[in-house]
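Student: Dropping a structure here in structure tokens format, bear with me for questions.
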Amino acid sequence: MVQLVGPLRKELADSLSTCKVLVVGAGGIGCELLKNLVLTGFKNIEVIDLDTIDVSNLNRQFLFQKKHVGKSKAQVAKESALTFCPTANITAYHDSIMNPDYNTEFFRQFILVMNALDNRAARNHVNRMCLAADIPLIESGTAGYLGQGLTECYECQPKPTQKTFPGCTIRNTPSEPIHCIVWAKYLFNQLFGEEDADQEVSPDTADPEAAWNPEDTAARATASEKDGDIKRVSTKEWARSTGYDSVKLFHKLFKDDIRYLLTMDKLWKKRKAPTPLDWHQLWNSGPKEESVGSGLKDQQVLSVWGLCKMFQHSVETLRTMLQEKGEGAELVWDKDDAPAMDFVTAAANLRMHIFSMNTKSRFDVNHGGNIIPAIATTNAIIAGLIVLESLKILSGELESCRTIFLNKCPSLRKKLLVPCILDPPCANCYVCASKPEVTVKLNVHKTTVLCLQDRILKERFGMVAPDVQIEDGKGTILISSEEGETDANNHKFLTDFGIRNGSRLQIDDFLQDYTLLVNVLHTEELERDVEFEVVGEAPDKAPPPQPNKEEVNSVTNGNKDSAQPSTSSKAPADDDDIMIVESDEEGASSSSAAAAAAPSSGTKRRHSDAETGESSIKRLRMDQSGAAAAPTNDDDDDDDDIIALD
């Protein structure tokens, strides 16, 4: 007769009380997950998060209260979770999981790792650390549906990448609402947050399409007689000099800068020219009271004067918030902060109107710019799914692990959850293959060593501290992870080191226990603003998993309404706690969060043995019942970057 401890078999309950698990992230999903784990019976938990609690977190991260604002998320989450189970042993780290202190030996002490992260770089890093340590990883959240071991690792398939636009398009010639939304968020940071030279919002005089002579036409950029005179100073410096006067800011951004753009004659030969706005004219001609339409407030499209008032009120509120923080303080963009969202909505819509686009509601700006709000119910559902998958792993029922999509709307058969079987690993994966290898197309005469290190190896391939050796018969060290050793190489071009078409680079990241062979393919035909390309990569769309028909039927009670949701090119890469997908069956876009777990066998990434020259398979990590396990699943916490959508 089976013995039960609560709803669990005694053997499983005993396993939960003794196994040690790691939760990476203590935000939206992390809070729900930590609470679920202690209530399920997990007794030994370590949680790590670098973030501190903000007031905007309180509406969905229920382990936090107002008195906790400014404190460590990990520490407060631990203290709150202990109120549910005082006998649990929880260790909290206020730190980044990418800190070198958390090496493979750190990861090997856990039976299971659960991600609750808010950016892809960290998720990629944890994926590699778990591969190196042979530890099961559960991933959940945005684009987090890939497995590990006998199933795909998190990086087996390319994820939907954040679509970016040339700076001159954002600053000079926006043609889509998303261009204006991105510009408005850049503007928020330029005025109130941390300035970034790559997010400048003033007209770009270096636009190659303009090809104008400033000396001949500058006189035509007649600035406002009194306010907002155009100066080539930083936007924040200018705003501070005006005391963040909302009317002066309005004239600078929506009148004088637009007049300046009109002097770039060639920009408007094939485009409709923008129309500057004047605050005083709008005041004299516009309705003084905004008519209230039907429907929710956030879904109403405001008049131009209504947008002006929203802009004015949000600037004044943000100015007060900045002053309260003290001299030199900065505001951090948060989609859940009403004044910040109002500012972006007003600024984006005013710019849309100037460039003859239809204006949008606050709701449309929120979602059209992929500033997707974190949803408490989504967090709770996904956290519950993570625990269910973890119970399968600890029970040794690896064959029953599933990727589970939570759709925004029910399917035709009234289903919200769509379980899908896990796919096998990709033979060409540059992370979990036995000999990871990629081909990178670039111009060796224009690509610097620093670009190779930062843009290609760290940013694109997710490495932390790469060492690069040229396979030239001499073992030339191009990049060293030891500080200062190869700094002299940074601004030299690859061709200066004899790197040419067909050269091979051996890359090692000691921290990640990761080796990658890079084949260099020289080209002089890259598109404008493109520094390199990964050959064979489809960055705009993550291929949809292909479910086995028999398996799909078995997990959906015989119904045929569970067409596998495929990740759309519109899916945000590093979103909050949800993912936008398209249902092939329903032909409509749906919001989805995914929780996935996958079994592991001895097919993990293998490294060559330095002495024998042969590859050795890493040891299997066995759970306490003797079952080999290695699932992965991903969870986004509360990232809020604007991601441009097609």
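Glycine too: its Cβ is placed from the backbone N, Cα and C atoms.
TrEMBL annotations: computationally assigned, not manually curated.
Heads up, here are the entries from TrEMBL:
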type     : residues                                   : note
BINDING  : 25-30, Asp49, 57-60, Lys73, 96-97, 118-123 : ATP binding site
BINDING  : Cys153, Cys156, Cys429, Cys432             : Zn(2+) binding site
CROSSLNK : Lys159                                     : SUMO1 cross-link
CROSSLNK : Lys185                                     : SUMO cross-link
CROSSLNK : Lys231                                     : SUMO1 cross-link
CROSSLNK : Lys252                                     : SUMO cross-link
CROSSLNK : Lys408                                     : SUMO1 cross-link
CROSSLNK : Lys618                                     : SUMO cross-link
DOMAIN   : 440-527                                    : domain 'Ubiquitin/SUMO-activating enzyme ubiquitin-like'
DOMAIN   : 537-637                                    : domain 'SUMO-activating enzyme subunit 2 C-terminal'
Student: Looking only at the domain 'Ubiquitin/SUMO-activating enzyme ubiquitin-like' (440-527), what is the model's average confidence as pLDDT?
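Tutor: Mean per-residue confidence for the domain 'Ubiquitin/SUMO-activating enzyme ubiquitin-like' (440-527): 92 out of 100.
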Student: State the count of C-beta atoms found within 10 angstroms of the C-beta of Gly28 (ATP binding site), not counting that atom itself.
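Tutor: The answer is 31.
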Student: How big is the Cα-to-Cα gap, in Å, between Cys432 (Zn(2+) binding site) and Ala122 (ATP binding site)?
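Tutor: Between the alpha carbons of Cys432 (Zn(2+) binding site) and Ala122 (ATP binding site) there are 17 Å.
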Student: In whole Å, how far is Gly28 (ATP binding site) from Lys408 (SUMO1 cross-link) when you measure between their Cα atoms?
Tutor: 18
Student: Among Cys153, Cys429, all listed as binding-site residues, which has the most CB atoms within 10 Å of its CB?
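Tutor: Highest number of other Cβ atoms within 10 Å: Cys153.
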Student: What's the CA-CA gap between Lys252 (SUMO cross-link) and Asn59 (ATP binding site) in angstrom, rounded?
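Tutor: Here the two Cα atoms lie 36 Å apart.
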Student: Taking each of the binding-site residues Ala122, Cys432 in turn and counting other Cβ atoms within 10 Å of its Cβ, which one has the fewest?
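Tutor: So among Ala122, Cys432, the binding-site residues given, the one with the fewest Cβ atoms within 10 Å is Ala122.
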Student: When the Cα-Cα distance from Lys185 (SUMO cross-link) is computed for each of the binding-site residues Gly28, Ser96, Cys153, which gives the smallest value?
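Tutor: Among Gly28, Ser96, Cys153, Gly28.
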Student: Under 8 Å Cβ to Cβ from Ser96 (ATP binding site), same chain, six or more residues apart: give me those in sequence order, or none if nothing qualifies.
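Tutor: Set apart from Ser96 (ATP binding site) by at least 6 residues yet with Cβ under 8 Å, we have Ile48, Leu50, Ala122.
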Student: Reported as an integer number of Å, what is the Cα distance between Asn59 (ATP binding site) and Cys156 (Zn(2+) binding site)?
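Tutor: Cα of Asn59 (ATP binding site) to Cα of Cys156 (Zn(2+) binding site) measures 35 Å after rounding.
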Student: Other than its own, how many Cβ atoms are within 10 Å of the Cβ belonging to Asp49 (ATP binding site)?
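Tutor: The answer is 28 other Cβ atoms.
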Student: Could you tally the C-beta atoms, other than its own, that fall within 10 angstroms of the C-beta of Asn59 (ATP binding site)?
Tutor: 11
